[in-house]
Amino acid sequence: MPKELGVLNALDNAKTQLYHFTAIVVAGMGFFTDAYDLFCISLVTKLLGRIYYTVPGSLTPGTLPPNVADSVNGVAFCGTLAGQLFFGWLGDKLGRKRVYGLTLLLMVICAIASGLSFGHSPKGVIATLCFFRFWLGFGIGGDYPLSATIMSEYANKRTRGAFIAAVFAMQGFGNLTGGIVALIVSSAFDHAYKAPTYEQNASASVPAQADYVWRIIVMVGALPAALTYYWRMKMPETARYTALVAKNAQQAAQDMSKVLQVDLVSGQDKSEIEILAQDDRNSFGLFTKEFAKRHGLHLVGTAVCWFLLDIAFYSQNLFQKDIFSAIGWIPAAKTMSAIQEVYTVARAQTLIVMCGLIPGYWFTVAFIDILGRFTIQLMGFFFMTVFMFALAIPYHHWTLKENRIGFIVMYSLTFFFANFGPNSTTFIVPAEIFPARLRSTCHGISAAAGKAGAIVGAFGFLYAAQSTDPTQTDAGYPPGIGVKNTLIVLGCINFFGMLFTFLVPESKGKSLEELSGENEEESGETVEPQTSSRTVPV
């Protein structure tokens with residue numbers, strides 16, 4: 001049998017304790033903040049267009065020009081991609097704990113600064129907003145590999161999937177809170193500063209106080225991050241990093257004894273702990289033939305699946321308001337005041353979050369350690385493909401007024417199976433299957449591939465979803481392929497995600513060391529990092 005450090009074996013078999021739930025909340029609040037900050041901007045982009053880009057005398061309210069909309073929607077994703085790569089690497093070099101607080105500080109400072117964006121012209125305000133949202137995204141990016149790795153290394157192997165999924169599920173509550181905050185703020189301002197619709201009085205439909213609305217919504221994202229900073233600083237370094245990377249098994253046992261309230265060292269042969277801790281059989285790096293042989297296909301699988309998922313997921317999420325407007329679920333902009341439009345968009349997106357996003361996340365928490373990661377990811381991609389085609393092929397049917405509720409139901413189901421599917425599993429698996437000294441880096445690479453997909457979705461969908469009729473496009477946009485054809489493309493992307501899932505191994509019920517090969521026998525033969533080379537559970 002392969003040898004394993006006593007402290008790690010104790011962690012794998014530990015009963016679920018209060019500290020596990022504390023870690024879920026502390027790590028999860030980072031994702032709560034991440035989701036709020038990344039998606040709140042989609043609630044206020046139409047308001048930004050009205051405030052800064054309304055043309056006097058125009059028959060329709062102002063909208064963000066294409067290059068500005070690209071920047072506002074996509075710049076945080078660019079920062080997130082860079083942050084995932086940088087902090088993922090740093091988390092393996094310096095330790096998870098040492099860089100964990102820095103990501104939160106960046107989020108707090110940049111969320112507040114985004115709301116204080118200054119300038120005497122629209123270009124000045126938008127440029128400042130984009131600058132701070134890039135660095136906000138940089139901090140958010142660091143939270144992906146660090147939170148996933150920390151939770152996987154604290155958890156026991158029986159419920160590890162559910163714990164990591166619960167951290168990620170806080171995104172749903174972040175989205176929901178973003179919608180609720182937008183509803184409260186816009187409703188309060190609408191009651192305090194009544195404004196006519198754009199049709200009735202174009203200039204009066206955007207009261208001066210509307211500029212405060214988007215700033216307040218953006219700045220509230222700093223609160224949850226600030227509230228959890230103290231608790232993050234109190235968390236000890238994970239035992240797996242201390243034992244396997246820092247090579248100090250004794251310190252790892254002491255740290256875990258404090259938080260898990262169990263003596264992890266008693267009964268252990270300390271000389272054996274030291275021998276195992278100093279064992280550097282598995283010292284290959286990321287850019288080596290040995291890594292490529294053991295984990296190369298796994299990294300391709302986790303990265304490509306996340307990339308394909310996020311093209312579809314983020315394009316749907318960021319541009320819900322455009323799809324709702326296209327089918328008539330949101331009234332024409334000129335029939336509302338600027339603040340009323342914020343309320344209407346927030347109400348629609350909050351409904352989707354409640355019906356589709358949040359239930360999907362928690363279904364994953366409930367079933368991931370029963371069904372396994374592979375099954376849930378394959379099933380999720382399959383149903384996302386089915387529902388996307390079901391929306392796209394009879395698209396005209398769904399645009400009819402009597403069928404709009406059916407469209408919303410189908411659209412919600414695609415989100416449900418994204419979250420009870422690959423949106424959760426692509427986050428979980430990279431935190432489990434790679435060696436401890438490369439775990440944060442590999443998760444960061446996979447997550448960065450996902451954000452590259454999000455950038456494709458955020459930028460590409462703006463153009464692709466435009467009408468094929470040049471007279472029906474938004475101001476400044478060239479004709480696109482239309483919403484119907486865009487949905488068909490997204491359906492095809494989901495199908496390819498299903499195929500690449502076969503490169504991803506099943507990690508249910510196995511220790512992290514068993515998955516990565518770090519507890520293999522000392523022998524001349526190479527032991528496969530997984531018990532079996534099969535990726536499909538049998």
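Every residue number used here counts from 1 along the chain in the order it is shown.
The backbone N, Cα and C atoms fix where each Cβ goes, glycine too.
Annotated compositional bias 'Acidic residues' per TrEMBL: 515-525, in sequence order.
The compositional bias 'Polar residues' feature in TrEMBL is assigned to 528-538.
The feature domain 'Major facilitator superfamily (MFS) profile' is assigned by TrEMBL to 23-509.
Feature annotation from TrEMBL assigns region 'Disordered' to 511-538.
Among the features that TrEMBL reports, transmembrane segment is placed at 21-48 (among others). Note on the transmembrane segment (21-48): residues 61, 63-64, 69, 72-73, 76-77, 80, 103-104, 107, 111, 126, 133, 136-137, 140, 143-144, 147, 150-151, 154, 163, 166-175, 177-179, 181-182, 210, 213-214, 217-218, 220-221, 224-225, 227-228, 231-232, 235, 317-321, 333, 338-339, 341-342, 345-346, 349 of its chain, located 6 or more positions outside it, place their CB under 8 angstroms from a CB of the stretch.
TrEMBL lists 68-87 (among others) with the feature transmembrane segment.
According to TrEMBL, the transmembrane segment annotation covers 99-118 (among others).
Annotated transmembrane segment per TrEMBL: 124-141 (among others), in sequence order.
Taken from TrEMBL, the feature transmembrane segment applies to 162-189 (among others).
Here TrEMBL flags 212-231 (among others) as transmembrane segment.
Among the features that TrEMBL reports, transmembrane segment is placed at 296-315 (among others).
Here TrEMBL flags 351-371 (among others) as transmembrane segment.
Note on the transmembrane segment (378-398): residues 309, 312, 327, 404, 406-407, 410-411, 413-414, 417-423, 425, 483-485, 487-488, 490-491, 494-495, 497-498, 501 of its chain, located 6 or more positions outside it, place their CB under 8 angstroms from a CB of the stretch. Look at TrEMBL and you will find 378-398 (among others) tagged as transmembrane segment.
Residues or ranges marked as transmembrane segment by TrEMBL: 404-421 (among others).
What TrEMBL lists as transmembrane segment is 442-465 (among others).
The annotation transmembrane segment is assigned in TrEMBL to 485-504 (among others). Residues 297-298, 300-302, 304-305, 308-309, 311-312, 315-316, 373-374, 377-378, 381-382, 384-385, 388-389, 391-393, 395, 422, 429, 461, 464-465, 535-536 of the same chain lie 6+ residues outside the transmembrane segment (485-504) yet bring a C-beta within less than 8 angstroms of a C-beta in it.
At the 8 Å Cβ threshold, with sequence separation of at least 6, the transmembrane segment (68-87) lacks contact with the transmembrane segment (212-231), having fewer than 3 such pairs. Sequence-distant residue pairs (6 or more apart) of the transmembrane segment (212-231) and the transmembrane segment (162-189) include at least 3 whose Cβ atoms are under 8 Å, placing the two stretches in contact. Sequence-distant contacts of the transmembrane segment (296-315) (same chain, six or more residues past either end, CB-CB distance under 8 Å): 77, 377, 381, 384, 388, 418, 422-423, 426, 429-430, 433-434, 442, 445-447, 449-454, 456-458, 460-461, 486, 490, 493-494, 496-497, 500-505, 535.
Taking Cβ pairs closer than 8 Å, the transmembrane segment (442-465) reaches residues 66, 69-70, 73-74, 77-78, 80-82, 84-89, 91, 141, 144-145, 148-149, 286, 295, 299, 302-304, 306-316, 318-319, 322-323, 326, 426-427, 430-431, 434, 477-478, 480-483, 485-486, 489 in its own chain, all 6 or more past its ends.
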